[in-house]
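My questions all concern the structure below.
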Amino acid sequence: MGHPRRPSLLGAHTRADPRADGDPHPLGDLAGRASAVGVGTRRRRDVRDQARAACDRRCARARRRLGAMAVSMTDAASARPPADPLTTLLGSDRFAHAFTMTAFLVVCCRTVIERTAGIATYVTMVAVLSVLAVAVLLAHRRVISLPRLTTPLAVGFVGWAALSLLWNTDPQAGLVSAVSIVAIALVGVAIANTRDTLEVVHALANVARIVLVLSLALELLAGVFLDHPIDILGIQGNIASLGPVQGIFGTRNALGFTAVMAIVTFVIEWRANTVSPWLSLGSVLLAGALALLTGSPIVLVVAIAGAVATSVLLMVRHTRAPYRSAVQWTLGAAVLASIVLAYLLRQRLITLIGADNDINARYDLWLTVLRFVRSHPFRGWGWFGPWIPGDMPFSAINASLGTTNLSALNAFFDALLQLGWIGFVLFFALCATAFVRSWIDASNRRSVVYAWTPLVLVALIVYSFFESFALSGFGWLLLVVCATRAYEHQSLWEWRGRLGRM
């Protein structure tokens, strides 16, 4: 047998060709697939182009509608008469800033204005400011909500004070005081409604720098350069012996409170990055030095209260939201327990800070005030504001104590004496709701500027336990501004809802 015959190459190739068995060629299959892909790509491109064209048509129609609206608005604006230049000026941001600065400066410098230019000058300046306040509010009426203009408690307190003129023992003097708190309240409402919190802080910081520098300059002039008291301002020139000093405020307690309030304002201003850190540092050092030079134990109490409130608020703000409510209640309970403990140890604490004489004199005065409250418990003796020593019941109170007091040295006792329990409840509720609202607001908002309102209210309320500062002048202006800002930030239902979640 011979070797098997090898197949020819042509035959082998022919049998290996897939077309020989009727199979499609691979290259032909790829070409078909590429053709199908090309058709799909063109189809998708056509769909995309159609969608884009439809979108362009919708955008063109929207632009035509907006153009028609703009034309109609332009026609309506041109149809209205041009704005009055005076209204434009009163409604401008620059005028609102100047008004705020002027109002803070005038009311803060009440003592120096009255002693150098007379009471009539100060009254005239406040009257002009109140008229401007009404004009500013009218110029901003399009952006101000009338129901949120100010807190109803402030309106109720002012209204009750005005109504008390009907049974006031000196209606003429009471009328002057009632008009004064109404005028200053209008100024505060105008400031709070036309400036935001940061703008209020910045304006108040500038005013605080002015009055503190002026106080230090006059104290140095009287105590170092002239070595002679400035009697018209009551400056004794004690700065050379490290105090006590009072500056342009008439009393060392008023200067001390202004310094503590200024420290809070300067720190908030610095944290908000609105001024140079060096300016803030210098301002804080100036205010701190003047607060120490007052040598007032009451200022020390106010400063401690402010420091505690700042620490607590800082802890709350840095707590995560799910745990914030528990932290709020825990810290609130701790603060309340501390207040009760301080009351139980009050005699030791009073001796420790050297306030025996001040507290004892105030205690005797408050007991005497309570005796006179029993005569008219609900309606009070009528609104006077600062006491008039020759009128009842102030003359009888001073005669029984052998002193000449110009107030009850406590805003709450003064409200109780002059406006009865009704006025006391209104004033207490005004302070309490303003503080709670502003505290909740500062706890839940990220911006540090919202911490200014509750911290200033803490200092103001604590100071009002030792002076009737919050019932007139600069203290009343601060209270109205803070209460209105707190009321604007939260409506009643928002406040109740947040309080319920705490």
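Quick reminder: no glycine exception, Cβ is built from N, Cα and C everywhere.
TrEMBL entries are annotated by machine, without manual review.
Pulled the feature table from TrEMBL, pasting it below:
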COMPBIAS  14-26  compositional bias 'Basic and acidic residues'
DOMAIN    283-428  domain 'O-antigen ligase-related'
REGION    1-32  region 'Disordered'
TRANSMEM  119-139  transmembrane segment
TRANSMEM  146-167  transmembrane segment
TRANSMEM  173-192  transmembrane segment
TRANSMEM  204-226  transmembrane segment
TRANSMEM  246-268  transmembrane segment
TRANSMEM  298-316  transmembrane segment
TRANSMEM  328-345  transmembrane segment
TRANSMEM  415-436  transmembrane segment
TRANSMEM  448-466  transmembrane segment
May I ask for the residues of the chain that lie six or more residues beyond the transmembrane segment (415-436) and have a Cβ under 8 Å from a Cβ within it?
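Non-local partners: 151, 153-154, 156-157, 160-161, 164, 369, 372-373, 376-384, 393, 408, 453-454, 457-458, 461, 464, 470-471, 479, 482-483, 486-487, 495, 499.
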When you look at the transmembrane segment (328-345) alongside the transmembrane segment (246-268), do they share 3+ Cβ pairs under 8 Å, ignoring any pair fewer than 6 residues apart in sequence?
no
Per DSSP, what is the helix/strand/coil residue tally across the domain 'O-antigen ligase-related' (283-428)?
108 helix, 0 strand, 38 coil
Taking 173-192, 204-226, 298-316, 328-345 as candidates, which has the most Cβ pairs under 8 Å with the transmembrane segment (448-466)?
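Answer, by Cβ pair count: 298-316.
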With Cβ-Cβ distances below 8 Å as the criterion, list the same-chain residues six or more beyond the ends of the transmembrane segment (204-226) that contact it, or say none.
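For the transmembrane segment (204-226), the nonlocal Cβ contacts are 101, 104-105, 108-109, 233, 235-241, 245-249, 255, 258-259, 261-262, 265-266, 269, 275, 283, 286-287, 289-290, 293.
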